[in-house]
Amino acid sequence: MSYAFDFSGFGVYAGMLARGTAVTLGLTAVSTVLGGLVGIGGASVAVAGPRWARTLIAAYVELIRNTPFIVQLFFVFFGLPSLGIHIDEVQAAILAMTVNLGAYAIEIVRAGIESISRGQVQAAQALGLHGRQVFRYVVLPQALANVFPSLLSQVLIVMLGSAVVSQISVPDLTYAANFIQSRNFRSFESYVIITVTYLVLSIVLRQLLNWLARGLFAGRMPHRPDEPRGWRLLLAWRGARTITTER
Amino acid sequence: MTTPDSSALRAGRAQRILATLATTLAFTGVVALSAFAAPAAHADALDSIARSGVVRIGVFEDYPPFGSIGPDMKPEGYDIDMANLIGKTLNAKVELVQVTGDNRMAYLADHKADMLLSVGETPEREKVIDFSQPYAPYYLAVFGPKSVAVRNAGDLAGKTISVARGTLEDLSVTKIAPPSATIKRFDDPNGAISAFLSGQVQLMVVGNDVGATILARHPANDPEQKFALFSSPDHVGLNKNEPRLKQKIDETIARARKDGTLNAIAVKWLRAPLPADL
């Protein structure tokens, strides 16, 4: 078995691949911020909200976590127009990715909040902080630090899962590969290129967010002298798992 | 535990393969001989049709609206009506032969069918069969709601158009659309059609056969055919060296075009009149 790779016809498509990479990253960035906010807001309601709101959140989480992402995407893109709501394919992709990430993030953040011991809350109350301050300054930062690795994994899953938005003609990385192989018939090469691109994106994004977390959750992480530094950081696949909270 | 003697097994298999090979070769020889003999036996299919009173016409039965099985389990479509028209002028009973895209040329060459319908003209086919005059339009067209004014490629400027990626539809519209047109490419024709029907794009490019099927369902956005992109009309395919049958078929088509019969068939099945340049 041998296959003669031929990347010669790909030069003209470099711009398209670059744009596709930018679209994939952009979609991921926007839906991560929005989905994260949905997660934090939803989780705070899920642990402390009124009963009807809790039921609503639970229904949303169950609905999204028990249906395939591509079906949610098709529902938004092909389904909503028949209800009179017209949004273009990029908005549809962001909405579907946000709604999807939001549901998982709610569960993750809720677990983080529940991991904070009652002692922390009682100590904060003893210091005179009222309800919202306790949540904002004591519970939430520790909760997020605890579950950060899970959130990070979920963000990466959403980024990789965003490959299916090419199905509704969003010009992302996968769309670029599909387009190129429909024109030059080098399908193996096309998919090799985007496989490597997705891999690099994942590794870089993971390291970037880990690095961000180190600043964000400083003081909540123990000092680790044997932590990899410099280029070794790139190979520290499980780096995020080492973040723990000092209590 | 006893193990089967593998060398004996292998020998047996080799024998079987040899036997199969020999039979195949012998069979091929017979077929080749009969192929040489064939032209003499079938000087012109018109004679054998007149003798038997039956004309055998190869049609698709899974290719609506040209040929498909109707709710009454009988074949129906453009080609079926055309076949009956041919039967009438040849004064013969029509026997429909169900063919597929893969086997139909063999059916014609082996005289299991006297002619084939829905044959597009290509240089490769030109070498092995003859073509009648075109009898049915087949083309790719831009479809859009009546409210969107589009008459030619220039009007596509600023419009959104859905196509199935990598198809002839994609390639032909990409070639002619102005840069300001947005072509949205979907994985398959169904995605492109859904995007159009749900209003996510203004226009779509599909074949006139698919377009007719969609128009027949009267979608909410009230689409119509805007203009044709790529045309490859359907001909009647005949064996080579049958000039009298070919002439008879051409006469049938010419007459049906003149008296409006063919146009009525087109309107009935394709929901559009015959194009003037067919």
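Cβ from N, Cα, C; glycine included.
Owing to the predicted nature of the structure, the values given are computational and were not obtained by experimental measurement.
If you look up TrEMBL, you'll see A:21-209 marked as domain 'ABC transmembrane type-1'.
The list of residues near the transmembrane segment (A:20-48) in space but at least 6 beyond its ends in sequence, with Cβ under 8 angstroms from a Cβ of it, reads 54, 57-58, 60-61, 90, 93-94, 97-102, 104-110, 112-114, 135, 140, 144, 151, 155, 158-159, 162, 165, 170-177, 194, 197, 201, 205. Annotation source TrEMBL lists transmembrane segment at A:20-48 (among others).
Marked as transmembrane segment by TrEMBL: A:69-87 (among others).
Marked as transmembrane segment by TrEMBL: A:93-113 (among others). Within the chain, the transmembrane segment (A:93-113) has long-range Cβ neighbours (under 8 A, six or more residues past its boundaries) at 27-28, 30-32, 34-36, 38-40, 42-44, 46-47, 57, 60-61, 63-65, 69, 72-73, 75-77, 87, 139-140, 142-144, 146-147, 150-151, 154-155, 158, 161-162, 165, 168, 170, 172.
Taking Cβ pairs closer than 8 Å, the transmembrane segment (A:151-170) reaches residues 23-24, 27-28, 31-32, 35-36, 39, 69-70, 73-74, 77-78, 89-90, 92-93, 96-97, 100-101, 104-105, 108-109, 144, 178, 198, 201-202, 205-206, 209-210, 213, 240 in its own chain, all 6 or more past its ends. Residues or ranges marked as transmembrane segment by TrEMBL: A:151-170 (among others).
Residues annotated as transmembrane segment in TrEMBL: A:190-213 (among others).
For the transmembrane segment (A:69-87), the residues of the chain that approach it from at least six positions outside its boundaries are 93, 95-96, 99-100, 161, 164-165, 167-168, judged by C-beta separation under 8 angstroms.
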